[in-house]
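A.B. asks: Next up is a structure, given as structure tokens.
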Number of protein chains: 2
Amino acid sequence: MNIMVAQSGGPTPAINATVVGILELAKRNDSIDHVYGALNGIEGVINQQFIDINQRIHNDIELDMLFYTPASALGACRYQLPENMNDSPIYQQLIDALKAKGVTIFIYIGGNDSMDTVKKLAQYCELKCIEDIQFIGAPKTIDNDLVGTDHCPGFGSAAKYIATTFAELEKDCFVYNRPSVTIVEIMGRNTGWLTASAALSRLNGGKGPDFIYLCEVPFDQEQFINDVKSKLQRGKPVLIAVSEGLKNVQGEYLSVIKGNALDAFGHQFISGTGKYLENLVRHRIGGKVRSIELNLMQRCAGHLSSKTDLNESKLLGAKALQAALDGETGKMVGIHRLSDQPYAIEFVVADIALIANQEKKVPLDWISTERNDVSASMIDYMKPLIEGETKLNYRNGIPEYISLY
Amino acid sequence: MNIMVAQSGGPTPAINATVVGILELAKRNDSIDHVYGALNGIEGVINQQFIDINQRIHNDIELDMLFYTPASALGACRYQLPENMNDSPIYQQLIDALKAKGVTIFIYIGGNDSMDTVKKLAQYCELKCIEDIQFIGAPKTIDNDLVGTDHCPGFGSAAKYIATTFAELEKDCFVYNRPSVTIVEIMGRNTGWLTASAALSRLNGGKGPDFIYLCEVPFDQEQFINDVKSKLQRGKPVLIAVSEGLKNVQGEYLSVIKGNALDAFGHQFISGTGKYLENLVRHRIGGKVRSIELNLMQRCAGHLSSKTDLNESKLLGAKALQAALDGETGKMVGIHRLSDQPYAIEFVVADIALIANQEKKVPLDWISTERNDVSASMIDYMKPLIEGETKLNYRNGIPEYISLY
């Protein structure tokens, strides 16, 4: 039999480790002939763009390179299957494309949208009594916003990047002995998990960010101004972490409060959350102020992956394939935490219908009572996830990554 | 006798390695009693804020941490001594402060402004026949714009960060199989050295940036639009590196062409060079376009330092102290390259009067004839400088850095 893997959604440094986990288990299983990769997620199935992954990986060194390579080596898409299965020929088209390749197991690695795709394909097969193809989801998102799993592969590596970057930005900001404000905007869509990881920069005694504002609570502009003003009184730099998804008390995203901002070409200027707050501080307080977007770097910094994250991601790939071999379909594999310290987890299989299209937010009691920092519970949760450094290979002074197509 | 070290200018991951080089040679020299650090550069001498560095470093592990810690561990300033030495009491005040601490050798680690300070202090001593204090400069700037040295400590590490980041951004951008434009703005003030280092992301077979625009040539907006349009025709993502200091053919910085841009508070909106070009592409071409500023991360990413850079930086520290012990003053230590491949250098001592307040630009024949990339000579020059990875220690998943005060 043949299996097929596809990847989707935003990049992470951990998404290819899951593929490696699948490849390694498949190799040990005599009943599996080919592990195909669909290019650009489910779109690759529709367009019948496949590769035989093992033909693109010639030795263990290249398999190792795949393990460390950030962003989907099979490409990704942003494609949602239509809701109405009966009226849309795309479902049968997908099943036919898989059958034509002799595929009986399809594993989709991704975030919320990808889990929705797995759910729908499994439901379609149930509806049409198609019993010879199984669909399994493997979680992956730096945003860490999937339910049904303690945390998502990709989060630990992005958190390690953010914690390290804050430890370094602190060194940078504090070289000048005068007040300044540096606002760092962090990804995470509508959840503050990644923003919270800025607090991990304090683990080795660093000051870390002076304030952390998560998007789980409405952003109170006046409190923010007061926070910044009071901290500036000590005459030192102030370092602040903010979620890209911050909303004001009226429920509007800060990033799209446009005022009369026009760019040099007379078009509406859409600033980011960090830029908005930079301008706010400049306007209301003045002085030296700058904003930084960690931008794409926070989701593709393979050179700073968490060993814990990559190892779990690989094991989840094997778990996904094993679940299918055990007869499961319409499921997502996930992580259940047994203990923070010592850190212990087990892998679980969860019904994907309970997972797709939901969003796991930071619990409010993991945010400080002043709503401008995180609590100790949040640190306990995140700390083990950034542990360990990888043995990424460097050549010519830069990391060695692989391309599969 | 006592010596004093101070640091100044913008942060780099290599600036503390020079201090380590000074400390190690001083330890081996019985005639040296104390190595003082002035806090926040020459301002620390004026304000008499000193530390005895060896009292803050308790063992070899901490010395190693100092070697790897990014940004000036002694703080920095942006202070220029007045031109007129006779009318300004600040010169004698500085000399008196140094003498009060028994300092006979003052080593200033920094960029152009710091070398100007060394030059003026040495000139003042010559003018006033003060023979018992020597002043030596040690170069440090990610911008690589100092003359009198083949390259500057700090450049190699920042270049390694940029090359690695481009290798990773390429992976990120190419996961979606559709046209998009990503513009990455890179530091370097009025020189394109750092921007050029984006090309090093191609060393392991990566595509690298599609275009690289250095500020050494006037930026032709129409050529840029044509470049981008023609590359977009292949239907794939386009990745572009630009210098923060790009100027148009009229000699205006792109970053300050403001048009009627106003922020949400009705103030003039000053966009960066990347943001300006992002808006230009959106306006003239359309489609998906984003800009990224590598911002402070490119100058403080100690976790991605170049081993070559840090080692050279340390050796330059020892060379600076040795030059002073040999009787030199008013000099800057520098690097003379003997060969690109195998990479070979020697350390030199140059007259600082010929160095201060100059700016070394990228030679025009190191830029491609189309003016949108670099030439092979540029690669040959940069390649050895990013070689080698450091053995930075991690604890709790983040790098272990030190604070001296």
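Glycine is treated like the rest: Cβ placed from N, Cα and C.
So TrEMBL lists the following for this protein:
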ACT_SITE  B:D143  active site, proton acceptor
BINDING   B:G10  diphosphate binding site
BINDING   B:N112  Mg(2+) binding site
BINDING   B:T141, B:I142, B:D143, B:M187, B:G188, B:R189, B:E244  substrate binding site
DOMAIN    B:2-323  domain 'Phosphofructokinase'
SITE      B:D113  site 'Important for catalytic activity and substrate specificity'
SITE      B:K140  site 'Important for catalytic activity'
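Walk me through the surroundings of each of these features.
C.D. replies: Counting every protein chain shown, the Cβ of B:D143 (active site, proton acceptor) has 26 other Cβ atoms within 10 Å. Following the DSSP three-state reduction, the secondary structure of B:D143 (active site, proton acceptor) is coil.
Other Cβ atoms within 10 Å of the Cβ of B:G10 (diphosphate binding site) number 24 in total over all chains.
Look at B:N112 (Mg(2+) binding site): DSSP puts it in a helix.
Neighbour list (B:I142 (substrate binding site), Cβ cut-off 8 Å, at least 6 residues apart, same chain): B:G10, B:T12, B:C152, B:G154, B:F155, B:S157, B:A158, B:M187, B:G188, B:L194, B:Q298, B:R299.
Taking the Cβ of B:K140 (site 'Important for catalytic activity') as centre and 10 Å as the limit, one finds 30 other Cβ atoms among all the protein chains shown.
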A.B. asks: Tell me the Cα distance separating B:D143 (active site, proton acceptor) from B:R189 (substrate binding site), rounded to the nearest angstrom.
C.D. replies: 7
A.B. asks: Other than B:T141, B:I142, B:D143, B:M187, B:G188, B:R189, B:E244, which residues of the same chain sit close to substrate? List them in sequence order, counting a residue when its Cβ is within 8 Å of the Cβ centroid of the site.
C.D. replies: B:G10, B:N144, B:D145, B:A158, B:T191, B:W193, B:L194, B:R299
A.B. asks: Cα-Cα, whole number of Å: B:T141 (substrate binding site) versus B:N112 (Mg(2+) binding site)?
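C.D. replies: If we compare the Cα positions of B:T141 (substrate binding site) and B:N112 (Mg(2+) binding site), the gap is 8 Å.
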A.B. asks: Specify the count of other C-beta atoms within 10 Å of the C-beta of B:D113 (site 'Important for catalytic activity and substrate specificity').
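C.D. replies: So the number of other Cβ atoms within 10 Å of B:D113 (site 'Important for catalytic activity and substrate specificity') is 20.
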A.B. asks: Counting other Cβ atoms within 10 Å, pick out the least crowded of the binding-site residues B:N112, B:T141.
C.D. replies: B:N112
A.B. asks: How many Å separate the Cα atoms of B:N112 (Mg(2+) binding site) and B:K140 (site 'Important for catalytic activity')?
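C.D. replies: Here the two Cα atoms are 9 Å apart.
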A.B. asks: For B:D143 (active site, proton acceptor) and B:D113 (site 'Important for catalytic activity and substrate specificity'), determine the Cα separation and express it in whole Å.
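C.D. replies: Each residue's Cα considered, B:D143 (active site, proton acceptor) and B:D113 (site 'Important for catalytic activity and substrate specificity') end up 13 Å apart.
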A.B. asks: Which whole number of Å gives the largest C-alpha distance between any two of B:T141, B:I142, B:D143, B:M187, B:G188, B:R189, B:E244, the residues noted as binding substrate?
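C.D. replies: Those residues reach a largest Cα separation of 16 Å.
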